[in-house]
C-alpha cells in the first residue's frame, strides 16, 4: 500500500514467489536432463570442458584478439562481421604468432561444438537442450561482443562459426529462439551473418513474428538501401511474413510500407525497355544456374517477397503490389523465350497472389488477354517437359504431365488435384472435351479415388494388425535410452500429478491473502482498518494499470489472481494433502491475531473448500456476486476498460478480457450498469469500441487470409480410424482450395502455391535436411489452428454476450450505436465475422463442412450465442439490423440448420448438434415478440420448408443412435420444431408439412406448448419447449388440481393455481427422484389398488365378526358352509369371464374354506395380518407418491391425510393384537373413499360453529327450565323405571320381612293391627311405588332429567312428568311450562339445528353442481364462458385445449424456474420478473387472442365498408365542388364582362344574380348536408374525411 511504485512491484514479486515454491520446484524438475549412455556423459564432459576453455578465452580476449585497426582499444564494435566480399577483398592484418595459436584454439572449439549439435532430429533436440542448460548461448553472445580489427580474417572466421552454432542452437526450438530474441540488439548490424542468424531466430515462430517491432523491419530495409541489395536481407523479411502456416498481417503491411517508401534503390523492377534487355541478358547468362548473390537472384527474391506480402488476401498489400508490377510486364517476361524457370516460378507465384487469389477482384485478368497468354505459355512448357512438341489444351497438357517418369510421388497428388479442378471448371462451363480425353480423365479420377480408399483400408488393416500383434522389441538391453526417457517422463508425470493439488492449494491461499489482507494484521490496528475498508484492493487494482507499461509479466499475474477471486475450485485433487496444506497455510497466514466470533477462516463458501461457479449452488453465486461488486467498487471495471483501450501487449489484453468476463459472469446487473455508466460519463466509449472493432476487423481479415478447406476429408473416415500420416503422405493429402472465387482461383492450390520448387532444385530458404524438418513438422501440426487474432475473438464475443445478459436494453443498443462522432456497430461486425468464418464470402455457402472443423466450431457457437443475446429481450433494432444486413448472415444461419456439416458430423456429432441448436435459437430470437412478418419472410427466403422438416425428422431418428452424448438430438429437433412452428404462421406450405410432425410429438407426449402472455396490455403468443421434469406430474395430481382449485373474489382460478405451482413443482422433483427407487415407485404407482384391497379386507373381516361372533363351533360343521363355498366358486368363475364382479366372489369362497378348515379365529388373524401389511404398503405408497418425508416433520404432523392413514394402521394393530371388535372402526374408511358420504359429514362440520352455538342455546334453555322445575314442580318429576331382575327380587324379600316384623310388633303390644288392609294389598302398593322414582330432588338431577328426557321426547319434558289433575293449583303452570318447553326447545331450537344441517347439505350439493358446471363451461385460465365462442372460428374445446391449456401455463412456470436466468428469452424474462413479484397480470383474464383476432377481423370489415362509403362520398363531393367552382367562375366572368352595365342593375339582372346566388348557396348547403350525413353514418372513423377535406384545393377567389 506504499506510494513508491518500484517498492510495490517488488513486494508483489516477492509475494508471488513465496506462494509458488512448489510450482517452481516442479518447473525446475522438468528441466532436468538425464545423461544415460556413456556417449551422453562423454558429450557432457567434452561440452563442459570446451565451454570452460572458450569462456576463459573470451574473458582474456584482450590478450589475443588483434585490435590494431579498431582506432581505439576500448571501442567495442557490436556489429560483429562484414560482408564476405569485404573479407575476401584483402584488407586483413595478420596477428602475431602467439595470438594465432589462440585463434586456432577458439576455432577448433567452435568446430567441435558445431559438430556436436547433431544431424538427426532427436539428437539435435537433445543436444540443443543440453547446450541450453549449460548456458552455451551466453558464451557465444559474449564472443560476439569482443572488439576486434575489422580486417582480421581469422576473427571473421571465428564469428562465422559462432553464428553457425547459434543458428543450429535455435533451429526448430521455440525456447532457444526466445532466449536469443532477448539479445536481438546484438544482431541489428549490417552484417550478412547477423541477417542469417536473425532469420533462424524468427523462422517458423509465430509468436515472435507477431511481436516484432517496426524498427527491426525498418533496419533491414534501410540496409538494403545503404549496404547493398543482398538476398539475405530479403530472406529475413520473407521469414517474418509467415510462420507455422499462418500469415502475419502486421508484418505484411509494415514490410510493404517500408518497401514502397524505400524507392527504386531497393525495389528494382526491369519495366522499361533498357532494363528489360538487361534482365533478359542476366537470364541468358544464368541458364546453368542462378548465383546466390547475383542481381538476378535479388530480383527473384524481391518478387517472391512481394507475393508473400500479398498472400492470404491482404487488400492493402494486393493493391500496392499490382501498382509496383503490372500484369502486362509480368506476361512480357514470363512468355519470353529466354525466361528461365526460377524467374517464371517467381512471377507466376506473384500473379497468383496479387491478381487471382485476391480479396479485391482484379478486373484486369478478365478484361484483358494476359491471363490466357500465360495459359498458352503453360501448355507449351508442359509439352516441352513431356517431350511432346505439339501444342495441346491446358487440361490435356496437364494429363500428359502425369505420364512423365521423373514426376515424384509427392508432386503427383498436386497434379491430380489440378486435373480434378480443371475438369470441374470445364464441366461447370459446359466445355466439351474430346472423347478420349474425357474417358481418360474419368478413369484417372476413379482410380485415384480407389487408391485413396485402398490406402485407408490398408492403414486401418495395419492398425488393426498392430493392435492384434504388437511389435516385438529386443529384450537384450531393456534399459536403453528410450526406455529410460519414458520412465523419466512417467516419474515427471506422477510427480506433477502429485504436486498439482499442492500447487493449486498454495495459489488459492495467495488469492485469499490478496482478497482478505486485513486478516494478516491484528484486529483494530491501522493496517487492519485500511485493508478492511478496501484500501489494499484499491491500491492493487490501481497499481496494476501502472504495471502495464513497465512489468507486463507481473501485470498478467495480478490479473489472473483477480480472476481467481471470482472462480474457485471445490477440491484440490483426490488426495487430502491439498486440502490439508491449504488449511495449514490459512491458519498460518489468515488466522486473525485476536480470536473473535468471526471464526478462523474467512471463507464464505465453506471451510476452505470453494465451489466451482459452473456447477455451484445458488448460495455460491450470491457470494461470487458480492465479490464481483466489491472488486467493481474498488475500480476493477475501470481497470478493465483502461487496459483494453491502452495496452498493446497481447497477453495483458487477453487477461483483461478474461477479468471482464469473470466480473460479468452470472449476469451481474450491477457490473453491467458500472460498464455502461463508465462509458457514458468518461466518454471512453469511442476508443473502447474502436479497439474491439479493430480486433474484429483484424480477425475477419486473418480468417479470410487463412480460411482453407480440405477436399479429401469429405469422404474420409472419422478421426478415430485415421492413421497419422507421415511427411510424404501428408504432403500428398494436404492440398487446400479456396472455394467460391472466380473460376481462375480454383486453378491453383492456395495453400501450397508459394512452394513451386521443381524436382531437384532446393529451395532458397532451406536450412538443410536436418534443420528444416523440425519447422515442417511444426507447420503441419499447426496448419489447422487459428491465429491469435481469431482465437481472441471467442473471449471478446463472450464478453459482449455478458454485457447484454439479462436482456440489458441499454447495452444492446449501445453496442449498435454509441452516439459518438464515430459509431462502431459491433452487432453488424459480429454478423460479418460469422459470415466470414463460415466461408460464405468465398461462395462456400453450401459447403459449410469445408470451413467448420473441430478447431473453430467453438468459436462459431460462441458467435451464434452472442448474436442471440443481442436480439433477445426483445431488441427490435438489433433484430432489424441483423436481418437487413448486406452480408449472407441469415443464409449462413439457416444453412447451419439445414446442412449436415460433413465431415465434422462423422466424428463429433455433438458439436454439430450444438451448432444447429444455437442457430435455431438465434432465428427464434430474430422473430421474438414481433408483430410484423418481415423478419420471418426474410428467413423463409433462404430456408426451404421441406428440408427443415427433414432435419426435424432426422434429429428425432438420431436419438436412438446416440451414445453417451451430452446433447440430445431429440432436444435439438424439438427446438428446430419450435422454429418451424413459428415460421409456419407465415408459410402455408410449412404449416401443411408440420401436421404429421405434430402428430408424432403428441403421441410421444413431447409436444410443444403454446400459450399467451399478457405484456403491456397486449397479448403475445409464444412457443416454448416443455421441460423434461413436467412428464413426472401424475394424473391423480392433475385431476385433483383441476377439480379442487378455488375461485377468488373476481371469479378467477389463477390465484389459487399460481399458489399451488410451487407445490406442484416440488412434487415433480420428488416424482423424478422416485424414479431412481424402483421398488417404492412400483408400490406408489398402485396406491389405488392397495386402498381397495384394504377396504375390501375390512368389510370381509367385519362380515365374519357379524355372522360368527361369538365363535360357535357347531356352526362350522354345518354342510351349508361347504355348499355355499362351491356356489361361490362357480359364481366367481363366471364372474372372471364376464369381468363384472372381479375376483371378490373367489376371495369370499376362499375365506369360507379357510373358516371351514382353520376356524374363525385363525382366519381373522390371517385377514387382519394381511390388512395390516397391505395398509403399511399403502402408507409407503402414499408417502412415496406425495413425498411426505422430504417436507419435514411439521408438514407430516399437519398433513391430515397422513395422520388418518397412521390412525388406520393403529386401529388394525389393536384389532389384531387386542380385540377383534376394533375392526369395526375400519368401516369408517367408506366416508374417506366416497365423496357423497364425505359431503354428508361435511354438511355437519362445515357450519359447526352455528350448530354448536344453537346447541349451547338449547343447553341454556334446558338449564332455565330445570331451575323452574326444581323450584316449583319437584313433585311432578316422578319417572317410571324398570329395575333389573336381581334388584327387584331383593326389594320384595325386604318388604316381606318388614311386613312380618310389623305384624309381630302389633301382636306383642296387644294393639288392634287390623286396619282393613291385608298384607297382599300392602305389598301391591309397595310394588307400584317401587316402579317409580323421584328425578328432581337435586338441581343437577333435574338438569339431567330435562336434558335426557325432554329433548328425546316428541312433546318435550311434559311427556315424562306426572299427569296433574285439573283441580291442582299448579295445573295452569304445568300447562304453560310444558307448552313453552315444547315450542321453544323442541320446535324452534332443534329445528334450527336440523335446518342448518339441511341447508348446508343443499349448499354443498349446489356448489358441487355449480363447480361441475364451471369446469365444463368456463375456461380455467381466462374465465370466459362457452357461449363467448359460439359462432367463432375457434370452438370452446379448441380454446381450452390449445389456446389456454392450463397445463401449458404450469409447464411455463416450471420452465422459468428450472431454466438458467441467463438463458431467458424476452417473454421468459418478463414472466420471471412477474412471478418474482407475485404479479399475475401476465395471465390473460377475460381475454383471448382468438376472440381479439375475430373482433379485429370484424372491425377490419367494417373499416373496409366505411372506406368504400368514404371513397364514394369523396367522389361525389369532388364532383359537386367542381360544379361550384365552375359556377363561381361564370359569375365572375359575367361580372367583369358587364362592367358599368352591371353597376346599373336592372330588375332582371338583379333577379338573375339572385337566382345564381340562390343556386350557389343551395349547392353549398347540399354539400354540407351530404358531408354531415356521411359523417353520421360512418361514425368516428370519418374524421379522416375531415382531414382529407382540409387538404382539398379550394376554388380560387374571384378578384
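Every residue, even glycine, has its Cβ placed from backbone N, Cα and C.
Copied over from TrEMBL:
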- 69-87: compositional bias 'Basic and acidic residues' (COMPBIAS)
- 122-261: domain 'RIH' (DOMAIN)
- 790-896: domain 'RyR/IP3R Homology associated' (DOMAIN)
- 1120-1408: domain 'Ion transport' (DOMAIN)
- 69-99: region 'Disordered' (REGION)
- 712-734: region 'Disordered' (REGION)
- 1087-1109: transmembrane segment (TRANSMEM)
- 1115-1138: transmembrane segment (TRANSMEM)
- 1150-1170: transmembrane segment (TRANSMEM)
- 1206-1231: transmembrane segment (TRANSMEM)
- 1251-1273: transmembrane segment (TRANSMEM)
- 1379-1402: transmembrane segment (TRANSMEM)
Top Cβ-contact partner of the transmembrane segment (1087-1109) among 1150-1170, 1206-1231, 1251-1273, 1379-1402 (pairs under 8 Å): 1206-1231
PLDDT averaged over the residues of the domain 'RIH' (122-261): 88
Long-range Cβ neighbours of the transmembrane segment (1379-1402) (under 8 Å; 6 or more residues past either end): 1239-1240, 1242-1244, 1246-1247, 1250-1251, 1254-1255, 1257-1258, 1261-1262, 1265, 1350-1351, 1354-1358
Tally of DSSP helical, extended and coil residues in the domain 'RIH' (122-261): 102 helix, 4 strand, 34 coil
Long-range environment of the transmembrane segment (1251-1273) - Cβ separation under 8 angstroms, sequence gap at least 6: 1244, 1336, 1338-1339, 1342-1343, 1345-1347, 1350-1351, 1357, 1361, 1370, 1373-1374, 1377, 1380-1381, 1384-1385, 1389-1390, 1392-1393, 1396-1397
Secondary structure tally of the domain 'RyR/IP3R Homology associated' (790-896) (DSSP, helix then strand then coil): 73 helix, 0 strand, 34 coil
